[in-house]
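Single-structure report; data block below.
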């Protein structure tokens, strides 16, 4: 897979660290390669700044040192060092547990008292023998262990929990597409943190409650995807990590799509898979896998089950009916005239009088972004947006009723009040609002 798949990404975060190396790289992948090749220390993470294209490889990660906000920075932490659970016998466990199952503190691997160790960082440089953390350098069947600080006990085993949901692929244990219909019971994040219950507000207050998202199956502390993220996630029980994706395997079998019902328009047409590729005003559709003349975020590889084939009209984002970007550089997108299932020609002809609106899936904004109708719901510091119709955790007056023309749907970034750029209230009770993680459109097409 991609080298970045082995890292956990956090936007807008900087960490203080003593051991670091500076490099000049063009992108995050090149920086990851520097981290893998680092010989000055054991590289656990790296920082990349977009403006300066600066790469810092780090000996520490966010679990080991102080973090603070930095808008331009992206922190990538090696997942293997974040896992607080073990797979199998835990030979690759790199967590920070440093006590035996009886609670006795571990001896540092590099020290010789009270026990002279056979396994040292010098002899086994790839075994992760850092500090006094529990490890399994010899492949012991009983799992990770350590030399103890008790002179009477040379070594003992550590109580490391098994990682959940890593391999299971039962009907409920795997996900289709982006996991929006996932109803399984995995309740740990990809780094091994336990999920916070959706009906709890500690340690993280949020607005993702059953009341505001009744159809999203937000029960217990199971991983879910209520907001159209790339895959299921949850708030964590760690006070220092607000939320994280879950490691849900993709199902090996794909759901059957009804060919009959999807050739015509029923309800909003989200299951439409026909081959109409022209808008209701006669503009030809732009191919979904191209970014010209209009740049956009509906990339087929990211959304494998939305039917984004060729340049056919589709409804990937819950609009009122199928639409597409057009090859007309002055008309970004339009609805398509799809015949209703069992409908009449007159009914279809009447649809062409519908007003053209701003599209839903932009990843950039123009001007101050008051016309932005995209589906981004993440702020510049990585916080999730509060739903506009919710008063929790922040009470406010920017409601859909008061701003009927601002399209305040769900928790999508918007600019109802003419601010500098799209923004939202956050689900973090300590931060009322923030601007969203959006760029201005680099529009090179002729108006």
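Heads up, the Cβ atoms here are built off N, Cα and C, so glycines get one too.
Model, not experiment: these values are computed from the prediction.
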Annotated range (TrEMBL: region 'Disordered') out of 47-68, 69-90, 91-112, 113-134: 113-134
Neighbouring disulfide-bonded residues, C-alpha within 10 angstroms of residue 313 (disulfide bond) - of 251, 285, 324, 424: 285, 324
Integer Cα-Cα distance in angstrom, residue 234 (disulfide bond) to residue 364 (disulfide bond): 26
Among 174, 364, 424, which are disulfide-bonded residues, the residue with the most C-beta atoms within 10 angstroms of its C-beta: 424
Candidate disulfide-bonded residues 223, 264, 324, pick with smallest Cα gap to residue 424 (disulfide bond): 223
Three-state composition of the domain 'Kringle' (263-341), taking helix and strand from DSSP: 1 helix, 15 strand, 63 coil
Cβ contacts under 8 Å made by the region 'Disordered' (113-134) with residues that lie 6+ beyond its boundaries: 42, 93-100, 105-107, 144-151, 154-155, 158, 160
For the domain 'Kringle' (173-251), the number of residues DSSP places in helix, strand and coil: 0 helix, 13 strand, 66 coil
